[in-house]
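Q: Below is a structure I'd like to ask you about.
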Amino acid sequence: MKITVIGAGSWGTALALHFSQHGNRVSLWTRNADQVRQMQEARENKRGLPGFSFPETLEVCADLAEALKDSGLVLIVTSVAGLRSSAELLKQYGAGHLPVLAACKGFEQDTGLLTFQVLKEVLPDNKKIGVLSGPSFAQELAKQLPCAVVLASENQEWIEELVPQLNTTVMRLYGSTDVIGVAVGGSVKNVMAIATGLSDGLEYGLNARAALVTRGLAEITRLASAMGAQPKTMMGLAGIGDLILTCTGALSRNRRVGLGLAEGKELHQVLVEIGHVSEGVSTIEEVFNTACKYQIDMPITQTLLQLIRKEMTPQQVVERLMERSARFE
């Protein structure tokens with residue numbers, strides 16, 4: 001199958017590498033013309049994922065029309081902020097009918113829409129829209145280390161066809177029709193990872209980390225259920241699986257945000273040092289707004305938002321959470 005990957009960050013590049021190494025032709029496209037030239041010349045993404053050479057089956061395209069030609073699937077792997085404009089480009093290039101998966105995680109700012117909802121709004125006639133989510137770091141996938149992720153869509157028949165087509169010995173795919181649950185789990189875990197990094201950076205220990213991960217899962221489950229998801233989805237790869245990896249993994253950008261804030265650094269400085277998008281930061285406010293809309297209590301999210309707004313110190317965030325009134329779990 002010909003697969004088009006839009007977005008050449010670390011995750012987009014890792015997916016392009018993976019699928020091109022497992023029987024697919026892949027076209028990788030990004031808006032950044034300088035980055036396209038660099039990748040074409042070096043046959044490597046030295047900016048987004050250095051150290052991994054591109055196989056012959058991976059084509060880097062400067063022309064989106066060429067990248068979309070004969071494609072059977074489009075993966076949009078931009079930041080969430082770039083998702084809508086990428087979907088608009090599909091329409092503009094006459095490719096709005098192609099099957100499309102959002103492989104980014106978060107809520108769209110201002111609208112509060114999940115990624116698949118953005119795609120449905122831009123491409124209302126497309127019946128093959130879904131998300132790819134689950135516990136997976138780009139570096140490990142590029143090294144061909146095993147992982148398991150979820151493909152979710154409201155279109156069950158399509159997912160049943162797509163999963164065996166994309167399944168490999170390195171990336172085990174599971175299908176789901178609970179696209180809300182999969183999308184919410186992948187989005188809100190980024191917020192919880194910042195909180196866990198904050199606690200670890202303050203050296204509050206493993207007990208505190210376990211408490212944050214567990215209560216974070218409770219917050220995610222409450223919100224997802226209120227939005228129409230199946231609670232059991234939060235017990236799977238897109239829920240607790242992604243949460244554990246992002247909260248504890250050394251490669252987690254969102255965890256690194258929390259660690260940086262615990263050192264007393266300004267948020268801007270932390271993000272510059274990381275050098276990549278941290279969706280958790282841009283997601284916090286939309287998650288909190290959505291929780292308010294559904295009247296869901298999300299104390300970890302709320303206190304983190306106050307930290308980002310400089311209304312609290314890192315120490316006060318943890319103190320506030322521990323001072324909450326006693327209750328049954």
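Placed from the backbone N, Cα and C atoms, the Cβ positions cover glycine too.
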Q: To which of K105, K120, K232, K265 does Swiss-Prot also attribute binding of sn-glycerol 3-phosphate at the site defined by G134, S136, K189, D242, S252, R253, N254?
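A: Answer, per Swiss-Prot (sn-glycerol 3-phosphate site with G134, S136, K189, D242, S252, R253, N254), from K105, K120, K232, K265: K105.
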Q: What is the interatomic distance between the Cα atoms of S252 (sn-glycerol 3-phosphate binding site) and S10 (NADPH binding site), given in whole Å?
A: 12
Q: Cα distance, N254 (sn-glycerol 3-phosphate binding site) to K105 (NADPH binding site), nearest Å?
A: 12
Q: Determine, from DSSP, whether G134 (sn-glycerol 3-phosphate binding site) sits in helix, strand or coil.
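A: G134 (sn-glycerol 3-phosphate binding site) sits in coil per DSSP, no helix or strand.
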Q: Rounded to an integer, what is the Cα-Cα distance in Å between W11 (NADPH binding site) and K189 (sn-glycerol 3-phosphate binding site)?
A: 17
Q: What is the nearest of the binding-site residues S10, R31, R253 to D242 (sn-glycerol 3-phosphate binding site), using the Cα of each?
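A: Comparing Cα positions, the closest of these binding-site residues turns out to be R253.
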Q: Report the same-chain neighbours of S136 (sn-glycerol 3-phosphate binding site): residues 6+ apart in sequence with Cβ closer than 8 Å to its Cβ, ordered by sequence.
A: C147, V149, M171, L245
